[in-house]
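Report on one structure; see the data block that follows.
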């Protein structure tokens, strides 16, 4: 563990807590893409299958359990409790356009052709594009609530911090995982446009609005 | 590229 990975995990945790807080306080999931949340639940489910078979640390296990539980709880809130506030008209990104190609790629490009490894690879590739329905929804609605932009900033920062973690681990541990690094860079690049808007607008107290 | 190392990242 290094400071970048710890900050990254905390940023990820913060993002999830911000989202839950937003939905709980406003009793609404307006502006949030349910499809992205479904993809995140799929990411965690396929990535943490070794939850019971390999023990790394208490921290690792509790974080995995929290990520899995919170992702399904978020889906429950969006599609059940606060269903009336779910904006399905603007959440129209076709998930199959992401899941199918990513599934195929995971079969073709992986470290080992084993079920657990292919599922882990699928999860890494899927996570890199899972935010697209959410970004697509923000671009369709043309704006996002300020708390939603904080959620996206924390979520985008987590994988950016992980990139620093991989640089650190490469030089200090000699650890390097090309698949995770490439997917992590793609994932972070997808946020660049949003990062720019967040820093130039939201941090100046303005609302996040995309040029129509 | 010891990616096969135990998956210790979240």
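Placement of Cβ uses the backbone N, Cα and C atoms for every residue, glycine included.
Caution: TrEMBL annotation is automatic and unverified by curators.
Since we're looking at a predicted model, the values are computed, not measured.
Record features, source TrEMBL:
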type: TRANSMEM; residues: A:65-82; note: transmembrane segment
type: TRANSMEM; residues: A:119-138; note: transmembrane segment
type: TRANSMEM; residues: A:150-168; note: transmembrane segment
type: TRANSMEM; residues: A:174-199; note: transmembrane segment
Long-range environment of the transmembrane segment (A:65-82) - Cβ separation under 8 angstroms, sequence gap at least 6: 12-13, 16, 19-20, 23, 27-29, 32, 34, 37-38, 40-41, 44-45, 48, 51
For the transmembrane segment (A:119-138), sequence-distant contacts whose Cβ falls under 8 Å of one of its Cβ atoms, 6 or more beyond its ends: 31-33, 35-36, 39-40, 42-44, 46-47, 49, 87, 90-93, 95, 98-99, 102-103, 105-106, 109-111, 144, 148, 152, 155-156, 159, 179-180, 183-184, 186-187, 190-191, 193-194, 208, 210
For the transmembrane segment (A:174-199), distant same-chain residues with Cβ under 8 A (at least six beyond the ends): 109-111, 121, 124-125, 127-129, 131-132, 135, 138, 149, 152-153, 155-156, 159-160, 162-163, 166, 208, 210
Intrachain neighbours beyond the transmembrane segment (A:150-168), with Cβ under 8 angstroms and 6 or more residues off its ends: 2, 4-5, 7-9, 11-12, 14-15, 18-19, 22, 127, 131, 134, 138, 144, 175-177, 180-181, 184-185, 187-188, 191, 194-195, 198, 202
